[in-house]
Structure formats: structure tokens, C-alpha cells
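**Q** OK, TrEMBL features for this one:
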DOMAIN    39-499  domain 'Major facilitator superfamily (MFS) profile'
TRANSMEM  37-53  transmembrane segment
TRANSMEM  109-128  transmembrane segment
TRANSMEM  140-162  transmembrane segment
TRANSMEM  168-196  transmembrane segment
TRANSMEM  208-229  transmembrane segment
TRANSMEM  235-255  transmembrane segment
TRANSMEM  306-327  transmembrane segment
TRANSMEM  347-368  transmembrane segment
TRANSMEM  375-392  transmembrane segment
TRANSMEM  398-420  transmembrane segment
TRANSMEM  475-495  transmembrane segment
Amino acid sequence: MASLSELPALRNYSKPFGIRFLEYIKRGKLSYKTHQAIVLIVTFLAYTCYHATRKTTSIVKSALDPQSPDVSLKFPWRMTYLSSPAEKKRFSWVLGDGWAPFNGSDGSALLGELDVAFLAVYALGMYFSGHLGDRMNLRVFLTVGMVGTGLFTSLFGVGYWAKIHSFYYFLIVQMIAGLFQSTGWPSVVAVVGNWFGKKKRGLIMGIWNAHTSVGNIAGSLIASALLSYGWGWSFVVPGLLIASVGLLVFLFLPVSPESVGADKEEDEMGSPRKIGEGVTEPLLGSDAEIKETAVGFIEAWKIPGVAPFAFCLFFAKLVAYTFLYWLPYYISHTAIEGKYLSSETAGNLSTFFDIGGVLGGILAGHISDRLDARAITAATFMYCAIPALYFYRTYGHISLVMNIALMFICGMFVNGPYALITTAVSADLGTHSSFRGNSKALATVTAIIDGTGSVGAAIGPLLTGYISAKSWSAVFTMLMGAALIAGLLLTRLLVAEVVARISESRSQAGGSQSTSQDEELGV
């Protein structure tokens, strides 16, 4: 592989102004670890904002289509119930009868179509963002994506003050927002991959990967808190927030050690320039002289393990994104202890799913590292998600405490396998002889897997919009079926890991027995 000094001139970026300012204050160069800390913090904040803006739509759904006895809005975390028609009428001035065209009989279906439009463009954009990001200054690319996301998220909210009731206005705005959203993951993954190697992929990376759930939680709290002032603010404020953080990215994000003249530590010499989601293990040998060539789309699909993992992520994201977009709506439309929660309370309550997701991701990663069996762990989590989903649907309405507990467990088992799936894929690619050392192959495969998963993420909310109008039980049946298929798609890898563990155990047992016989014979 060509040395870093021989990389194209496009990689020789100038130092961000913020880095220069920090060095001016310090009156000296920043250390390598300081740069790493800046990368972790800035990329964490960036992707947290991406998910915060993505979460907003699910919180506002009940305001746009208030078909349940739910129109009361209070302060965050205060449990507000409405049970009488008088109470409904008293607070009807806040949300009125919803917002046309989403307050009609087909409101749920229209909201589902908005979700699928956003996620379909997002999924399509994922196939191109990694390719485009490789050829641009990632700091600028990420900044443009964040500012564009903020602009079109805000434009959705502007429809509130502009009295816009055209479905196609909201549809087009969501589609363009999805396109800008697709710039996020390839950019932060590439930057982190430039700075961290194998020895840095432990607990610190598990915490970094929590940005998805943290963003969902932040988006839920912000959007819920602002609903009482008008649902438009629930879009505009997160939009302004991500645009502001985009400016922070432009000022402070060091794309790579070479871009800021940092000296690479010895344990970072093997770091890849592009990694898979949640993966920081170096897949490129520092001493290997391999000419990197782009891998074709069809050729990448033929790499062993890519198709199973891609389709597994398809069904796993179908489940997760259905919760992402519809959980607050489901909670507000489901009687808990015989009463309905307000939209704001339902949005706040839904954050427990994401809190469970944070724990699930870290726990799954820890178990996988200890057992050295990623496929077994990921499949186990997906199978455990099936009864968790069943119990949440069946018993979640009994009490608020029961609902929170079961929701937390669902989040843990549904979101846990994400990092494991992508880690297993990257490890598989790293040991595949035909493509070892080719960062372009890795980037292409990563885009295929995440893009395919995002297609599932689009289909799940779309189907939910139609099915939920008839039966929420049918929605949960669909989710349980998707979780089952996701687990089954890992069967081949699971069996391979089990066989490897058995063979390893027999080898160790055989070695111990031979040693004992040698000692008895006095050898």
C-alpha cells in the first residue's frame, strides 16, 4: 500500500481554524491524544445531532394526527392523562384537530409515506456518500450535510407558521432532508477510522457508538418540550442545533493525523482510512504493499458474508426504525392503566427504549469480546428480542412501571446487535485473502450493508403506517417475524463459530492430555 505521504493531494488538508486557535492559546502543538479526544467529542456531537433531528418526526406525529384522546401538554416527565371529553375540549386549543392533510382518516398512512420517502432517499444516498466522501474534504462534506439537514428540518417546521397544508411540500422537504442525512455516518466513521486502531476499540468505542441512542433521547426531549409552543418549534430548534454543531465541525474537526501534522503513535500505524459502522479494528496491514483499486458493486456483493449480513441488517433496522418513528405515537394511542398519556409525556417515555439501547450496545460488545463470538451474541440478542416484543405488546398496558421496564428490555435486545453485526462484517473482510488491505473494498461493502439496512428501515415505518390503522398487534407480529429472520440469517456464521469453539476446545483438551502422558512417561 502506498505510504501516507504519497496519498493524493486531496488528503493534504489545512488545519481547521479551531485547531490553530487552540494551538495559539497553548503556544504549542496539540498532542496526538488531544486530537483523538477532539475527534471523539466532535463526531459524537455531530452524529447525536443527526439522530436528534431524525427523531423529531415521531414525536410530532400525535400532534399532526391526534386520533386518540390525547391533546394535553405539560412539562417534561410529568405524567399527564386525559380521560374525559371535558378535558379534551379544554386543551383542544393547543393542537386543535391536528394538521391537514394528516388529520384525516388516512393520516397514519400519509405519515408512514413521509417516513419511507425520507428513509428511501437516505438509503439511496448511503450508496453514494461514502464514494463521494472519499474524494472530498470530509470536514467540509460533513459540514455541508449538517447545515443542509438543519435547513430542511427547519423548513418542515416552517410549514406551521406558513399555514402550509400541501402533502407534497412536506414530502419533498423530507426527501431532501434524507439526502443530506446520508452524509453523516460515512463521514464520522471515516474520520474516526483515521485516528483509532485496534487497541482503541474497547470500552471507549462502545461509548462512542451510543451517539445514536443519545441523539434519539435528546431529540425526543427537545421536541416534546417544545410541542406546547407549536409543533413547528419541534423542527426548527433541532434544525438550528445541528447547523450550529456543523459550524463547530468545520472549525475543529481534524480529518486525519496528516491533515494537522500530528505524529502517529506506533499502535496507530495500522489504522484504516475507512471502517465499518462501530468498527475501529485496523484491517490494513502497514507493511503490505497493495495497490488499492475500486471494487465493483456486484463484485462486492460476492464477497463471502456480505449478503447475509446485509439482509440481516435489513430486518434488524426494520424493527429498530419502526420503534424510532412510531413508538411515541403508539404509546400515546395505547391506554396505560386505562388512561391515555399526552403527546409530550409519550415522547419523553419513549426515551427509555433508547436508554436500553445504550446498555444493550455496550453489553453486547462486551460479551462478544469476552466470548470472541460475535455472530452467536448478535443472533442471541435478536432471538431474545422476540419474547421481549411480545411481552411489551401484551403486558405493557398494565402499568406505567411495567411499560417502562419492558420498553427498556426491548431497546436493549433490539439495538444491541447493531455494533456486533458491523464488527463481524469488518472482521470477516479483514481476514478475507482476496481483499485484505483494500480500504476501497471495505468502504464499498460498508455502504452496501448500511444502505441495505436502511432500505429495511424505510419499509418498516411505511408498513406500520398502514397496518397500525387496523391492528397494532399485527404490527408487533411483523416486528417479531423480522427479528426472527434477522437471527436466522446469521445461522451460517453462528454454526461456524460453534464449530470453531468445539474444535478449539478439543485441541486444547488433546494438548493437555498429551502433556499429561509425557509427564507420566518422564519425557
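Cβ atoms are placed via backbone N, Cα and C, with glycine included.
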**Q** In terms of Cβ proximity under 8 Å, which residues at least six beyond the ends of the transmembrane segment (475-495) contact it?
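**A** Same-chain contacts beyond the ends: 305, 308-309, 311-316, 318-319, 322, 326, 375-376, 378-379, 382-383, 385-386, 389-390, 392-393, 414, 417, 424, 456, 460, 463-464, 467-468.
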**Q** Is the number of Cβ-Cβ pairs under 8 Å between the transmembrane segment (140-162) and the transmembrane segment (235-255) three or more, considering only pairs separated by 6 or more positions?
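**A** Output yes: the transmembrane segment (140-162) sits against the transmembrane segment (235-255).
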**Q** For the transmembrane segment (109-128), what are the same-chain contacts with Cβ under 8 Å, counting residues 6+ beyond its ends?
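**A** Long-range Cβ neighbours of the transmembrane segment (109-128): 57, 61, 64-65, 101-102, 167, 170-171, 174-179, 181-183, 185-186, 321, 325, 329, 447-448, 450-452, 454-455, 457-459, 461-466, 469.
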**Q** Counting only CB pairs under 8 A, let me know which of 168-196, 235-255, 375-392 has the most with the transmembrane segment (306-327).
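**A** Result: 375-392.
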**Q** Does the transmembrane segment (398-420) reach the transmembrane segment (37-53) with at least 3 CB pairs under 8 A, where each pair is 6 or more residues apart?
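**A** Since fewer than 3 Cβ pairs under 8 Å link them, the transmembrane segment (398-420) and the transmembrane segment (37-53) do not come into contact.
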**Q** Residues sitting near the transmembrane segment (375-392): Cβ under 8 Å, six or more positions beyond its termini, same chain?
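**A** Hits for the transmembrane segment (375-392): 312, 316, 319, 360, 364, 367-368, 403, 406-407, 409-410, 412-414, 416-417, 420-421, 424, 476, 479-480, 483-484, 486-487, 490-491, 493-494, 496-498.
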**Q** Mind checking which residues reach the transmembrane segment (235-255)? Cβ under 8 Å, same chain, six or more beyond either end.
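**A** Long-range Cβ neighbours of the transmembrane segment (235-255): 13, 15-19, 35, 38-39, 42-43, 45-46, 49-50, 52-53, 56, 60, 137-140, 142-143, 145-147, 149-158, 160, 191, 194-195, 219, 222-223, 226, 262.
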**Q** Give residue numbers and ranges for long-range contacts of the transmembrane segment (37-53): same chain, 6 or more residues beyond its ends, CB-CB under 8 A.
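**A** That would be 19, 30, 142, 146, 149-150, 153, 177, 181, 184-185, 187-188, 191-192, 195, 204, 208, 211-212, 214-216, 218-219, 222, 238-239, 241-242, 245-246, 248-249, 252-254.
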